[in-house]
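Quick look at what Swiss-Prot lists:
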| type | residues | note |
| --- | --- | --- |
| BINDING | G13, L14, S15, G16, S17, G18, K19, S20 | ATP binding site |
| BINDING | D65, I66, R67, S68 | GTP binding site |
Amino acid sequence: MKPPEHSLIIISGLSGSGKSVALKTFEDLDYYCSDNLPVELLPHFLRCRLRVAELSDQRIAIGIDIRSGSNLSELDQWRHTAKHYNIKAHLLFFEASNETLLKRYADTRRRHPLSHLGLSLPEAIALERELTAPLREAAEAVIDTSTFNVHQLRRHVVTEFALTHSDKLSLLFESFAYKRGVPTEADFVFDARILPNPHWEPELRSLTGRDSNVRDYMEQQPDVILYLRQITEFLDTWLARLQADTRSYVTVAFGCTGGKHRSVYLAEQMARHAREKGWSEVATFHRELE
């Protein structure tokens, strides 16, 4: 029997650059996540984790940064020995401009992890850049988040990293509000505004398409049943063709007025259907809910 193949994403970088958002995104994609793990505990952590699920593929994401101790220089060395555990390890380094980091700290009023050294914020940022420079140099990818908001960063992580460490076709089902614009990166866009709107039901207005009451409402609507059936037939046919054409990933977007009920429901239902059909690399992204 072929041994299970495991994937490890190491998220590092500068404080305030979006590492926590990235780690949470991987968690939402069913990665087993741990933040602020001391570097010296990494081998033990992985051995324990792999022992728990010995016969299944494991997808693990860990956050390691300046808070993780003084042994950051050992991280890249350990990454290259990960194949001993049949692990594909990927090191991602997140950063942002000094101006962006200063603004983010001003907005959140959080303390920098190195502030206990008696440094000003610009000095702490400069020192952190110096201490993490070896990790940046060794990283598989360096992500500058200066121009990203939270939604853009989450989507970038999903499309560029979380779904691309596989030779299989990766599927992203996205919901959005037309009033905020159509996602320019979508391969297929479906307009759900023609469907009955749960927003006009007072007891459903505050809920989303993820909630069971909204699902029950949608599944009682004949037009919704027909809409889903026809889109399912279309995608079942053409996604298989796209995989045969060696596409890496496909984004399918559903839009409605507010991006809260109909589009979310449809994206969730299509993602569930895709998993049931055997697609292993499937994710959802709800732009207006993030």
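Glycine residues also receive a Cβ, built from the backbone N, Cα and C atoms like all the rest.
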Environment of G13, L14, S15, G16, S17, G18, K19, S20, the listed ATP site - residues of the same chain whose CB lies within 8 A of the CB centroid: D65, F94, E95, A96, T145
Length of the line joining the Cα atoms of D65 (GTP binding site) and G18 (ATP binding site), in Å: 12
Which listed residue (K19, R67) has most other Cβ within 10 Å, given these are binding-site residues: K19
Euclidean distance between Cα atoms of R67 (GTP binding site) and G16 (ATP binding site), Å: 13
Least surrounded among the binding-site residues, given as S15, S17, S20, when other CB atoms within 10 Å are counted: S20
Distance, R67 (GTP binding site) to L14 (ATP binding site) (CA atoms, angstrom): 11
Neighbour tally for G13 (ATP binding site), based on other Cβ positions within 10 Å of its Cβ: 27
Those residues of the chain, 6+ apart, with a Cβ under 8 Å from that of G18 (ATP binding site): F94, A96, I143, T145, F148, V150, L153
